[in-house]
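Written out below as structure tokens is the structure these notes cover.
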Amino acid sequence: GGSGGTMASESEAQRALQYEQTLMYGRYTQDLGTFAKDEAARLRLQEGDIPRPRRPSELLEYTQGRCAPCRVCALQCQRFLISKVGEDWVFLILLGLVMALVSWAMDFAIATCLQAQKWMYGGLDTNVLLQYMAWVTYPTVLITFSAGFTQILAPQAVGSGIPEMKTILRGVVLKEYLTLKTFVAKVIGLTCALGSGMPLGKEGPFVHIASMCAALLSRFLSLFGGFYENEARNIEMLAAACAVGVGCCFAAPIGGVLFSIEVTSTFFAVRNYWRGFFAATFSAFIFRVLAVWNKDEETITALFKTRFRLDFPFDLQELPAFAVIGIASGFGGALFVYLNRKIVQFMRRQKTINRFLMKKRLLFPALVTLIISTLTFPPGFGQFMAGQLTQKDTLVTLFDNQTWAKQGVSDEFEYLGILEAWRHPRSNVFVTLVVFILMKFWMSALATTIPVPCGAFMPVFVIGAAFGRLVGESMAAWFPDGIHTDSNTYRIVPGGYAVVGAAALSGAVTHTVSTAVIVFELTGQISHILPVMIAVILANAVAQSLQPSLYDSIIRIKKLPYLPELGWGHHEKYNVRVEDIMVRDIRYITLNCKYRDLQQVLHSTKMKNLPLVESAESMILLGSIERAQVGALLSNQLSPQRRLLTLRQKVLSEDGHRLSDSSIRFQISTEASSGIPARPALRKPLKPALKRVPSSPADSPPAGTTDHTGIALKSLFCANPTAETTEAQGTAYHKAKRVRISIVEEMILGDKMTPAEILEWEEQQLDQLVDFSSAKIDPAPFQLVEHTSLHKTHTIFSLLGLDHAFVTSIGRLVGMVSLKELRKAIEGSLTGKGVKVRPPLASFRDSTTSTSDADTTALRQLWDRHQHHPMPREASPGDDD
């Protein structure tokens, strides 16, 4: 019985020990917030920071007098509000509000500009030549101003903005892209460009404007607290801003969120979902409320309200016609992207044109505007393509639910109001629609290449609507009484076809399905949900197999860092492994290398991050070090300060003199009074293995006071900016500054080394071992193993926004994969430098060879070696104290 009791108590003790061991992991993973609070409280107590009393001293002045309670309450409310500013919903409300105001103000300005053009055109109806001059000059002036203003203020504002946002959300930093200057250039440039009446869109630029707005708000709100400086948080806010951009542009919050996710993200964090919806809904609501307030609308309604019948919106036998729209739109979308890219490439490849346009930057936009304006001039060729209608009017007429084609004398359709533009006395509506589609197609592809802030979504949307309308009118002409065979006659509604065409073509060009949702929110009717979805999916299927999306095409033209999608037809890429595409011959730094090796590495490679290995024999990867850090180590070693210090020591040793005792004592006393360790760089968190680097005998300074002098000078030249400044430290700092200046002056005056001596001294310095203690080293760079599949690598790179990863085998560095190699592998050109061609029978590779005998032998050898030579262990928390 006693033994049983002993065994039970032992097992309980073991369980308790296991619980103790798992407790740490449990606290870190499950209850991190509580753990952080406890830790912060403990540290505060250690520092002797006593919690503040409930009624602090600054409130005392408010506690006297008649209105004391009110004042105290107001101050506490103010504090509460400032503390709440850090919360997401406040930021999102502000973002939504600002963007709604910007969108409404821009729409108002654009409408005014377009109205002015109509007024000028209408007022000169007595003279056709003057009419033509007014019709052509007005947009040309506006576009030229837009191009010039953007070029001078911020060239980054040119174009759509979605391709660049896609790149930024991947983690790439694009300079000057989210600044106030670019914001102003984009807003004013876009207003002028759209006010000119050119076939340009505002949806892409709005995504960029919203992102800039979010970045600027973050910067402004960071005055209240440091939480807005967190990079990961800013990326999340930019993702929400992209949704706001689309949401307030079309007053389509749901479609806006889905569209922004589709065009900017490969992988989307669902935790950002509510942020996008919250901000986009608020923004769309304010945007429509402003329209009601301005008496434009009676209540909040859809932007392009349709009135299709709901009891029988379409016949099932019409579905093949909708499918045809989808497939044709797929081909049309691919052709649009191809045409747009070819125009840009043609302009760039023709050296003479390119040189001429680079000199006369404003000539190209002015020329394009002149051609397009001339062709849309209403009394001229514009009469065959409804030239006098703006994009908004065109959409309103195309979504009209009455049939335009003549169906017998009794059903003569009256063209009323703006519909008059589609009627031509000598031709029917089919000719007008065909001419409109063909002309607008190449005009839009050309217009979107001019260097002004503009998008391509709206022009494509309008062309799609016109194509759908053409199919709808054709169907209505073929089946005047509808397809339905029963006694009830339901006429075909061409407006429904226009809605389907608009969604299908815009979906094909942007490779998105959410255009269907945008269409429902724009028209306010969901009756055609099935035809729209069928057409959009078919259009995407066709377009994705032929061309990249418009945004990916622009990314390639601009040579932005990107990762192509593993689309259809890439199933064979699943058999490609990292070892087949990695660069094997890479430069690395060893732990016991000399400064000369660092110099050679910097000259021989342009890699931004260099791998740090234990030794050239073992090749065990210890971490990675940034190129800038390596450069800093090298320049510090060969710095004039070190050289002059050496010269002074040499002079002193020759003359038998010593440095002024007072200055040395002063340096040491300064350090002692400031309470800063002699080597502040050592306090940085580093890989413990790197702290134990044996310094070379050449590196150690001579005995005596010179060691302290070296330390003192180092502390002078590498002052620690983060040290707390007390009153005594302030005085010490000013004295030290004066001493520093005098020492530097002495050194400059005393620099008597000849160039040959300087060269000899540098050669000596380069032969010393590198001291990594002051360098920032990443102890855990991202690693892959040789047998990682291409598909998995693509997923990891996309998900984490990587631009390179080291490839290791049993901890040893064997190669590196960067975005360039991965891109080549996916696009199929596995022949570039450093990219090995895949073996032809790779797909039949035996899965059992994944861990070869060679690997096992190497692992055993490695284990045996480390039994005798243990690796530097991780320091425990107590080691540094």
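Every residue gets a Cβ built from N, Cα and C, even glycine.
Where the annotation comes from TrEMBL, it is an automatic prediction and has not been curated.
Between the listed ranges 132-154, 523-545, TrEMBL ties the annotation transmembrane segment to 132-154. Same-chain residues lying 6+ beyond the ends of the transmembrane segment (206-225) with a Cβ under 8 Å from its Cβ atoms: 82, 85-86, 91, 94-95, 98-99, 102-103, 157, 160-162, 164-165, 168, 178-180, 182-183, 186-187, 190, 234, 237-238, 240-242, 244-246, 248-249, 260, 263-264, 453, 455. Counting Cβ pairs under 8 Å to the transmembrane segment (362-381), the stretch among 89-112, 132-154, 457-479, 499-522 with the most such contacts is 132-154. The transmembrane segment (319-341) makes contact with the transmembrane segment (457-479): 3 or more of their CB pairs lie within 8 A, with pairs spaced 6 or more apart in sequence. The stretch from 89-112, 457-479, 499-522 with the most CB pairs below 8 A to the transmembrane segment (237-261) is 499-522.
Of the recorded ranges 89-112, 132-154, 457-479, the transmembrane segment (499-522) has the largest number of C-beta contacts under 8 angstroms with 457-479.
Residues of the same chain lying 6 or more positions beyond the ends of the transmembrane segment (132-154) and with a Cβ under 8 Å from any Cβ of it are 113, 116-117, 120-121, 124, 176, 179, 181-182, 184-186, 188-190, 192-193, 195-198, 361-362, 365-366, 368-370, 372-374, 377-380, 450-453.
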